[in-house]
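Student: Feature list, courtesy of TrEMBL:
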{"type": "TRANSMEM", "residues": "58-80", "note": "transmembrane segment"}
{"type": "TRANSMEM", "residues": "86-105", "note": "transmembrane segment"}
{"type": "TRANSMEM", "residues": "112-130", "note": "transmembrane segment"}
{"type": "TRANSMEM", "residues": "142-162", "note": "transmembrane segment"}
{"type": "TRANSMEM", "residues": "174-195", "note": "transmembrane segment"}
{"type": "TRANSMEM", "residues": "201-220", "note": "transmembrane segment"}
Amino acid sequence: MPYCVNCGVELGGSEEKCPLCGTEVYRPKNAAKGGSSDALPYPPYKPLTIQRVSKSSIIILITLLSLLPVLLTLICDLSINRGVTWSAYVAASVAFLYLCIVLPLPGKKRRPVFCLTADACAMIFLLMFIERKSGGSWFLPFAFPLALYVSAVLIVLTLLGCRHIVSPMKITALSFLFAGIGTLLIELLLNRAFALRDRLIWSYYPLTVLVLIGVVLFYIDCNKPLKERLARKFFI
């Protein structure tokens, strides 16, 4: 039994207008059976077709955009200095960024550990190139061990997260612990490479704070009632 869409009065099956307010009676079932889209009070549904862009097109676009700063700086360097001097740093840095962005794109399988390993090797070669080009002597005593440490930490944390070996909160706690150890390593390498001091001074402060934060996160993750209570409290 239909009802008036305006005043809600119950209508008879053969009535075309509401006897109370005169509103035309609309029967959606009859309109759908008619088959004409003009009689419907709403436009026909047409699902949108999402066109996916191929990964090769994205790689070509990134390649062309990467060539722009390299070519511009190379032309400026050649016109001013009559040779390749400072533009080599730009080209090497753009090549490193290009590798970091493009390497994860091809292939359907995610390979974060492989990509991080390749990026770490590229970063080490970039630092070595900058040292050789600038004529310094800081790569082996300072940059190389620090780059190895950062790369190893990132690879280990990524491996633990991808294989679900430990919980996300434990990974966060490990990140704080490794960051604290990293500050200690930075001061040790600085003192050794550049002969700044013969003892540690400032690295104790960030080391203490970061390690304590990591220990607190470990404790929260191991204490399930406390973890659930904090999750409800902070909507985590």
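Just so it is clear, glycine is given a Cβ too, placed from its N, Cα and C backbone atoms.
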Student: Using a Cβ cut-off under 8 Å, which residues of the same chain at least 6 positions beyond either end of the transmembrane segment (86-105) come close to it?
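Tutor: Contacts with the transmembrane segment (86-105): 55, 58-59, 62-63, 66, 69-70, 73-74, 76-78, 111-112, 115, 118-119, 122-123, 126, 129-130, 133.
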Student: Could you give the residue numbers and ranges of same-chain residues that sit at least 6 residues beyond the transmembrane segment (174-195) on either side and whose C-beta is under 8 angstroms from one of its C-beta atoms?
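Tutor: That would be 138, 141-142, 145-146, 149-150, 153, 157, 160, 166, 201-204, 206-211, 213-214, 217.
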